[in-house]
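Presented below is the structure to which this report refers.
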Amino acid sequence: MLKLIGLNIVLLILSFQALGSDRVNFNSSWKFVREEAPLNVDKLHKLDFDDSQWEEVTLPHTTRLEPLVVNDQWQGVSWYRKKFKVQSNPAEKRIFVEFEGAMNIAEVWVNGQYVKKHFGGYLPFVIDMTDYVSPQKENVIVVKLDNTDSEITGPKPLKILDFNTYGGLYRNVWLIEKNPVHITFPLLEEKVAGGGIFVNYPEVNANKASLKIKTEVKNTTSKVQEVKVTQTLYFKNKKVMKFQGSAFELSSNNTKTVTQDLSVKKPKLWDTHSPNLYQLMTEVTVDGKVVDQQRTTIGIKKVEFVGTELYINGQKRYLRGTNRHQEYPYVGYALSEQAEIRDAKLIKEAGFDVVRLSHYPHSTAFMNACDSLGLLTIDAILGWQYYKPTDGFRNQIFQTARDLIRRDRNHANVLLWEVSLNETKMPLEFRKKLSAIVKEEYPIGASYSAGWMNEGYDVFFQARQHRILHPDDQEHWKGPYFVSEYGDWEYYSKNAGLNQHQLDKQTRYETSSRQARAYGEKRLLQQAYNVQEALNDNLQTTAFGDGYWVMFDYNRGYHQDIEYSGIADIFRIEKFAYYFYQSQKDASKKEDAMVKIASYWDENSPLSLKVYSNCEQVKLYLNDQLIGEQKPDQDQKSTNLSHPPFTFALKEFKKGTLRAEGYIKGKKVREDWVKTPEKAHHLSIVLADRAVPLASQDVVFAYIKVVDENGTLVHDHQEEINVSLEGDIQLMNTETLTTDAGIATALIKINSLKKDISIKAVSKSEQLKGSLQRKLN
């Protein structure tokens, strides 16, 4: 079932891109160089420039592979060149190129002619190359990237920044051919609430949904054209309805926006537990011939706030959420689409309803996955502790807000537009302008702005550490309120039950939520306890939801180590706190029932044993002997939780197997077990594809586990691991692999699916060995 779900998500994401034969992946055969020595800049834009000494790369690409702990991320100027041919005659076709992400300031030349400068590395831009390319001849496109600190784009300079920005053409690039009469690109037309296709929902209820569809069509020919726009709506590949508009005349070199209204009876509504998606096929015909078509995946939902309360499709909701940074180790932001899907699945399977895209726009692939999985997003512009009172900076932020909405306005998953510079003092008029942009760009239906200051926005974001320090801010706010971050900083540096700012560093570290898997069982349990306490506290406020900081461990520009407050580590391996969150999801469906023993069960394990479960009762066995059965905990840290943990007080440690059984209405629905680890025996290798099929240019983690003869993880074994690979794959790690809490992680890049793959691992002592083979064809 999980494999089928994974495959369906991948197919749906690919359908977003399969808009017709006019859209071609443009990722391969780029030449790349970092400008670390003087280059002949005057000539490298030219077709005949000799780039034979440059590295050949395939996108997504990062400017430099980084170490696991990134304390000196590369910054500078880099160059990309690609030679290509277009078969179509520009007199008959329009030729475009779309960059999904180019960090941070990009300049583009085509055949030696300067065509574009774009600021900002997190949103796409589109270039019309028609007037610059030659048909059936070799052309060259050259891109100059500058990822150094920028006063125009922000955020704070890297050396004092709480995350890394990395570099490169780190997302897809597309070559697009369109007929002279075609659907426009919203990011190229730059029209308020215009360009391309825009679907609004003026009325949504269980009986009826009204769709208002705006389609902008452009005529680049030299004569008037008779044009017709047709909309066809599908649900699960079955036609729901078809709307054929009236023909209209479109004059030469002009555009027209066609507005069409559809009414859907008994709509299948989109929400977090039923992410129903429709496919809208838009066709443009000229004289009865289809000249352009575009598929838009949409979800019909109604979001509204009544006072402080959130309602989705008429149902009051409290949203459990988290924050995400999009980085991977070594490759930075250069994730494959499949890696983005795996992240979204891991977040959803943790029981979360919403993810805050902190603190910048995330990829279209991630957004598509959230649509499919039923994972709401808080869609954010770039911003962190930086404001510049200049026209250049302010206008860049305003444009970024518009571009964000134009890119993502048709995604079902968007809950809020965070058009705010996080943790930044912004003038009130600046905030009001950003909030007004949301209404201008999304004028019909639910569109809500959000920001971390309590004036100027529809929704107030306040982190728990700020609530503790400034309770009046939240008390004076009468509108919707979301706990944007919690569970980390208040335990590391500010008072949350303990005067931690007065503690010595070691005690502070031990009681914080920043716990690496390598720090051991007790400290991971401390993180889970902090999470429990903080969530319980959030639930007694007027908030309609919250976002734990953070989903995955991540690197920071200003610090010499990884930030370890993730409930999964940077390799996406779950910590105990992950299962606490998973237990907070109701077991309304049998497959949602869960039970997890939070213990390694060795001689150092705490005898106060935690079991996370959303069942009504848990029975605990040791070596098949019942040692206790309990209802959920009832204490001051659990009063507001949907499903408090189960705590068993064990008298002594006995080697063997602990088994926990979860019961609902007297029937066993789930069980979990953990065995005392024996002596390390061999290596077990798991390719963490998470039921998402591998693909060409994919990056995927391989977990190399030290296990005993029974297959139990030996969590305290630490040793270097040597890895050898066969097939068209490569190891992306820049350092020697070493086990962390019994697991060494290799990041594998799948160059192609032409050959089956083999991964072999041997410990430095050569006493532990393991291998994995995977057929790819």
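Any Cβ shown, glycine's included, is placed from N, Cα and C.
As annotated by TrEMBL, domain 'Glycosyl hydrolases family 2 sugar binding' applies to 49-178. For 201-301, the entry in TrEMBL reads domain 'Glycoside hydrolase family 2 immunoglobulin-like beta-sandwich'. TrEMBL lists 307-430 with the feature domain 'Glycoside hydrolase family 2 catalytic'. Annotation comment: TrEMBL describes 606-669 as domain 'DUF4982'.
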* Per-region confidence, the domain 'DUF4982' (606-669) (mean pLDDT, whole number) -> 98
* To do: Over the span of the domain 'Glycosyl hydrolases family 2 sugar binding' (49-178), count residues by DSSP class, listing helix, strand and coil in order.
  => 3 helix, 52 strand, 75 coil
* Asked: Quick one: do the domain 'Glycosyl hydrolases family 2 sugar binding' (49-178) and the domain 'DUF4982' (606-669) reach 3+ CB pairs under 8 Å, ignoring pairs fewer than 6 apart in sequence?
  -> no
